[in-house]
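Feature annotations, courtesy of TrEMBL:
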DOMAIN    4-133  domain 'Response regulatory'
MOD_RES   60  4-aspartylphosphate
């Protein structure tokens, strides 16, 4: 059960909304709040050292820079640091970031338990996410779940993403082949590029290159 919660959010108005929702959940007994990732990490480590660890973390991904020096500049930095230190505390991301591929990375590579879109109904969905995670389940905002499932079923490599980004920048397939060869990136032959793009068109159900790039952007692949 999520009795002790750490909230990381730099905007007061949003933080107040989160705290209000948490206060309405009867099994949550203690909430600590931080506007900085570095400060949040210190609170997390101190609580663990004292034998009263957090049961849940709710964090944004983007934080505004100010005069205060920091080593952890984003929610991803914070989550990555916890993972590197070997902690597995459930984490719910509450963010305006809506790219499904970003969600896939956070869930599969960094092990977040929930992802809630910070929109008009975000706080209501956040409550649902907390209840789900408290039961050992995962949660993704309803607006993102469909696209996330599509992305999860795709096998897209870093090379594929590089090809798509080069196409999106306006390069032709011949120019991409030349660029990859000069950069010592393999495969770089025109036939290999055509084969990769053909597979991507099938995977993303695109009829042509323009549609391929558009679908990749819609799904948050690039």
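Quick reminder: no glycine exception, Cβ is built from N, Cα and C everywhere.
Small disclaimer: the values here were computed from a predicted structure and weren't measured.
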Under 8 Å by Cβ from residue 60 (4-aspartylphosphate), counting only residues of that chain that are 6 or more apart: 8, 9, 10, 14, 75, 93, 94, 95, 118
Three-state composition of the domain 'Response regulatory' (4-133), taking helix and strand from DSSP: 56 helix, 25 strand, 49 coil
